[in-house]
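Copied from TrEMBL, the annotated features are:
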REGION    1-30  region 'Disordered'
REGION    43-82  region 'Disordered'
COMPBIAS  55-65  compositional bias 'Basic and acidic residues'
COMPBIAS  72-82  compositional bias 'Basic and acidic residues'
DOMAIN    114-297  domain 'Brix'
Amino acid sequence: MPNSSDIEIDEDQPPSSSTQKMAQKLKRKVDKIAQVSRAKAIKLEKSSAKRARREAREKIREKLGDNAPPKQEPRTIENTREPDDTMVQFDDEEVMHDEAYDEFASYFNREVQPKVLLTTSPKAKVNTWKFCFELKKCIPTAELFSRKDVPIKKIIKQAKEKGFTDIVIVHEDRKKPNGIVISHLPEGPTAYFKINSLKYSKEIKGVGESTSHNPEVILNNFNTRLGHTIARMLVSLFPQNPEFRGRRAVTFHNQRDYIFFRHHRYEFKREGEKAALHELGPRFTLRLKWLQKGTFNTREGEYEWVLKRHEMETSRRRFFL
């Protein structure tokens, strides 16, 4: 057996490939750690400088008192949106006249009470039915029916005969709800929305239990003629007499042409000094794909508006609702 002193080591021999790979991997790891630490230091430095500038401005404002200049509004995509000819002003007489005689006028004049027919696409799966049951909890006047294989035109005809004012049809793709058709009866219009970011009530942390009280409906940022039409279509699904005792609120918040749906109960704390929101669910986002005059008719119907992304979305600051 040879002695260890008799073994000759060749120092000029290059390291093996496995040793090289380990060294390269270790070097990459060290470089990444150093990069993350440098990024953290730069971010901390920027935040410290920003805080120092803010504190300096606050001191100047305190020193000037009432003569201090107004605070600058931060620039956002929303408040720098491109001007649109269809933007609606508060006192626009033409818009007020049109809305006084449009398809939703009878609802806003309290001549009819909403009665919503809620159904699904043919042979809907469990998740779609689950979403429909949650919508039914949000819309007090909704009645849920199984569609089976009945065509939409026949459903509309039957709904008119039975006095329904709106039809809501939930479509699905790959066994999950992915779209909603809303058709106002008897004369339309009809809109199709894409569903995004859906969360069922049980998936929301700390969710509350819904009640049967009529909710308050809140609409935000529907500023164009198209936005007004969509807002009037959505609010006409709900009764006009909210029951404030239930403290339920349904919100449709439009931001960059995405309509965020939220369902809350507001709660008062500290003897009414503060209020808090308790989410009831579901939670989802809608994106308008098209708006059609009249009731549902994809072949012969007249489209008022259709989303063509590559042609219409030419700027990040251009919105349609």
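Glycine is treated like the rest: Cβ placed from N, Cα and C.
For the compositional bias 'Basic and acidic residues' (55-65), DSSP puts the residue distribution at 11 helix, 0 strand, 0 coil. Counted with DSSP, the compositional bias 'Basic and acidic residues' (72-82) comes out as 0 helix, 0 strand, 11 coil. Looking only at the domain 'Brix' (114-297), the predicted model's pLDDT averages out at 91.
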